[in-house]
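Notes follow the structure.
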Amino acid sequence: MTKNNEAGWNLDHSYTTLPQSFYTEIPPTPVSSPELVKLNHSLAISLGFNPEELKKEAEIAIFAGNALPEGAHPLAQAYAGHQFGHFNMLGDGRALLIGEQMTPAGKRFDIQLKGSGPTPYSRRGDGRAALGPMLREYIISEAMYALDIPTTRSLAVVTTGEPTYRETKLPGAILTRVASSHIRVGTFQYAAARGSIEDLQSLADYTIKRHYPEIEDHENRYTALLQEVIKRQASLIAKWQLVGFIHGVMNTDNITISGETIDYGPCAFMDNYDQGTVFSSIDTQGRYAYGNQPYMAAWDLARLAESLIPILHEDEEEALKIAQDEISKFSVQYENQWFLGMKKKLGLFSNEEQDQSLIEQLLKMMEKFKADYTNTFRSLTLNTLENTPLFDSPEFKEWYKLWQSRLEKQDESKENAYEMMKNNNPSIIPRNHRVEEALEAAVTSGDYSVMEKLLEALANPYAYTTDQEEYCVPPAPTNRPYRTFCGT
């Protein structure tokens, strides 16, 4: 046990107030020679840590699972999940929650070690993680944070000095993940599947207290909980769609109750606009394709509603009706959020009847001409319509006239419209080929400079600076189709 607390550890463990069926207490498995390869300074400070102290050997031992900070209470969480539509009892198979850091601002964040060794939920897995996928999660989660999309974050990555065996021998690593909590739709499915209404109620009460305290005194608090989660997920999925983010594995165990994006295994950002885009090697049917994400979110939330039925109303028929009514509201909430976001991407302040068709026409043309999603909006923002099949087409020129005329009709100036576009159209995203380039250099050569440079550029996606331009270039046709793989 590490007693020295100059690093700033301030751990609580409220999750252990839940019935013990929700977790198993287990220590991390030590590793041979841990080395800190990445520390998130700004996140460390916001959590109340001293970054310089975190670089010391005693703290690196904590990130590796070789020691525990004062107040730690390591545990693996139990949950269930529909994985590609099939229900399984699951749990943290390679991660441990070591505690909840209480920040100087009075907020509570889970501190989880990912890749910390086997747990009772490992299901024949080795409980370990490889360096590449852990660095990938660090890069993408930080890019999402910079894009202002709710997300779990990465505090540190350490190498273990031990190999991890997947298809080949890979260097092992442990990621320290930070989240508002790790309560998932699958956590509620787990409680419901066990058949204890008391446990289900305990989980719902704990979740409300932790994430939605404003509804604690609500007359129908469990219905209100469902409403709040639906609202947050509608907003989250709209934000994904607006930047072209494809999660890749929207199983119910990867849908958080807090409304944060979690699990960056097979995710990627879309290059050419195509509703059918899939990157994940295991998503052979396209279940989680870009255009399907809103529908899959609604499906996942319906599983949450099902799990809550025993506590929504004492009459089962009435409870079922409440669940169905609430789930039916998701699509309208999502559409509203997405439409509002799309209007901002096109500099539209006011509401006009033609806006829907203006947006639809542009997306249809982008799909037809295989236009780069991010760069199309970037070019419209900068008003630099370089020679591309889309911009050279007569139909785009016609659309452009309509759009310009629509901008002129507004009370707001064109300058203000373009400024709003700039704040809503990222100049840079973590392009798949650039992320791979950074990972290749780090994993094979121990060269982290490529990753550092990429992270620096991704930190201000709406800045439109010249040093970002090299990262705006789409991949060469030879780099497509890009495939992602689950780290496990």
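Each Cβ is built from the backbone N, Cα and C atoms, and glycine gets one as well.
Annotation comment: Swiss-Prot describes GLY91, GLY93, ARG94, LYS114, ASP126, GLY127, ARG177, ARG184, ASP263 as ATP binding site, evidence class sequence analysis.
The active site, proton acceptor annotation in Swiss-Prot covers ASP253. Secondary structure at ASP253 (active site, proton acceptor), taken from DSSP and collapsed to helix, strand or coil, is helix.
ASP263 (ATP binding site) falls outside any helix or strand according to DSSP and counts as coil. Sequence annotations record features per position, and here Swiss-Prot assigns Mg(2+) binding site to ASN254, ASP263 based on sequence analysis.
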Least Cβ-crowded entry, counting other Cβ within 10 Å, from the binding-site residues listed as ARG94, ARG177: ARG94
Alpha-carbon distance [GLY91 (ATP binding site); ASN254 (Mg(2+) binding site)] in Å: 11
Fewest Cβ neighbours within 10 Å, where candidates are the binding-site residues ASP126, ASN254, ASP263: ASP126
C-beta crowding around GLY91 (ATP binding site), within 10 angstroms: 24
Largest CA-to-CA spread of ATP binders GLY91, GLY93, ARG94, LYS114, ASP126, GLY127, ARG177, ARG184, ASP263, angstrom: 23
ASP253 (active site, proton acceptor) and ARG177 (ATP binding site), Cα-Cα, nearest whole angstrom: 16
Assigned conformation of GLY91 (ATP binding site) - DSSP reduced to three states: coil
